[in-house]
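*Asks:* According to TrEMBL, the record shows the following:
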type	residues	note
DOMAIN	53-295	domain 'G-protein coupled receptors family 1 profile'
TRANSMEM	42-62	transmembrane segment
TRANSMEM	71-97	transmembrane segment
TRANSMEM	117-138	transmembrane segment
TRANSMEM	159-179	transmembrane segment
TRANSMEM	185-212	transmembrane segment
TRANSMEM	233-261	transmembrane segment
TRANSMEM	273-297	transmembrane segment
Amino acid sequence: MSTLAPLRLLREPWNASEGNQSNATAGAGGAWCQGLDIPNELFLTLGLVSLVENLLVVAAILKNRNLHSPMYYFICCLAVSDMLVSVSNLAETLFMLLMEHGVLVIRASIVRHMDNVIDMLICSSVVSSLSFLGVIAVDRYITIFYALRYHSIMTLQRAVVTMASVWLTSTVSSTVFITYYRNNAILLCLIGFFLFMLVLMLVLYIHMFALARHHVRNISSQQKQPTIYRTSSLKGAVTLTILLGVFFICWGPFFFHLILIVTCPTNPFCTCFFSYFNLFLILIICNSVVDPLIYAFRSQELRRTLREVVLCSW
């Protein structure tokens, strides 16, 4: 298996013929355009690690009542989104390995249906991951700028409605995407959503850090210690900024790949970029591996609960 099937539909542009792609690749850079041959074992290993890590995060949040708050519920949903990436990767890799070794024989029609289901899983995880990162950023923004009104603004009922809306929207949009994936307008909508969420989160974080800098100056001038609540909130903003940076690094190449599919499907240099699609998939899976590590190391409460979960001290 040369590519991960959940995103295989987008590995190469469909509006360029195979002959043109081959000629463009040959003339654009020779060996540099051959891409990377990533073994199935690497996909399988990363998928297993990500699945275990995110399961631990979900278990820790469910176990500790101190983590039963809207912010951690959103983080839990983000972990579930990461698990969707892992599950789709594991399922596809295992099926392909079994089929390649003749252990499993499946009709072509069933394989196509399986591909569609896994495609929907991976697309849903993309939309939900972006959405929950945005929701968490908004939640932190409200925590910092509307601290006294936070519990009246972000009630449990509103948090549940928000989570349900994100999952419903993700499911519907992934279904539409799989049905009309050859339409450039669908790709443009996905790219536009990605850029919108990035701009939204960047604006929120810039505003939050501007406030943090202002408070640091006031504290320095007055020689006072910051309150625990304010320090905790700003630490959460730093954590989410790291998450945003990791997400951008891991998902950016894939969305740039989509942009090139729309803008220059037959350009030789774009074709060379397409040949590294396997690398983009590895980065996507790495994002779901890194996210739980950030939660564990930057949240003392979650880190302590994770330790308890690992030691099975229920």
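For all residues, glycine too, the Cβ spot is worked out from N, Cα and C.
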*Asks:* As a test: from 42-62, 71-97, 159-179, 185-212, 273-297, pick the stretch that has the greatest number of Cβ pairs under 8 Å with the transmembrane segment (117-138).
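*Replies:* Against the transmembrane segment (117-138), the leading stretch is 71-97.
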*Asks:* Taking 42-62, 71-97, 159-179, 185-212 as candidates, which has the most Cβ pairs under 8 Å with the transmembrane segment (273-297)?
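*Replies:* Stretch with maximum Cβ contacts: 42-62.
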